[in-house]
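Features of the protein shown, as given by Swiss-Prot:
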COMPBIAS  142-152  compositional bias 'Low complexity'
COMPBIAS  170-181  compositional bias 'Basic and acidic residues'
DOMAIN    1-101  domain 'SSB'
REGION    142-181  region 'Disordered'
Amino acid sequence: MNRICIVGRITRDPYNNITNSGISYSRFTIAVDRRNFSSQRSENITDYIPVVAWRGLSEFIKKNVFKGTLVSVEGSLQSYIRSEDKNTSYEVNIENFSILESRQIIEERKSKIQGNHSMNSSFLENNINYNALKEYKNHNTNNIQNQNSYSNEKSQSQTSFLDDEQTSESNEKWDLESDWD
């Protein structure tokens with residue numbers, strides 16, 4: 001079974017593009033810490049893992065994910081040979097994707113990056129779950145008109161709210177266009 005699960009931060013804004021056949025994709029790198037048990041001290045080592053998202057998930061990422069965003073990714077490891085140097089490279093093909101911090105935190109980080117300083121305040125931590133497999137099944141990927149009408153469709157993402165260590169039992173469906181613009 002080829003299954004990868006990683007949690008980390010986006011190292012820079014995702015690169016978004018469209019293939020020659022009209023399929024949108026996003027590529028980015030996630031910084032993930034792991035312990036180095038070979039040294040005398042238990043030090044953290046940061047790995048940089050390249051990932052790729054396709055179709056509807058790519059559109060979601062393009063609008064909502066920025067440098068520094070804390071995310072969870074599930075997918076499969078795939079290899080390919082780079083044409084320029086004939087070396088084998090690896091990346092994670094995303095199947096499930098979650099943003100692990102609130103919109104408020106993301107907006108504060110964006111403001112600081114742009115030179116604006118906004119005040120810190122308490123927040124509810126939102127987990128925005130986005131299942132790429134469901135999105136893939138619900139879209140006709142060969143029809144560009146369906147890609148353009150994406151903004152009118154309801155997302156199948158669910159949000160659970162966390163307050164410190166207590167989990168709220170309410171899950172809500174979100175319309176990604178209206179809630180994240």
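Glycine residues also receive a Cβ, built from the backbone N, Cα and C atoms like all the rest.
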Can you count helix, strand and coil residues in the domain 'SSB' (1-101) using DSSP?
10 helix, 60 strand, 31 coil
Could you please provide the mean pLDDT value for the domain 'SSB' (1-101)?
91
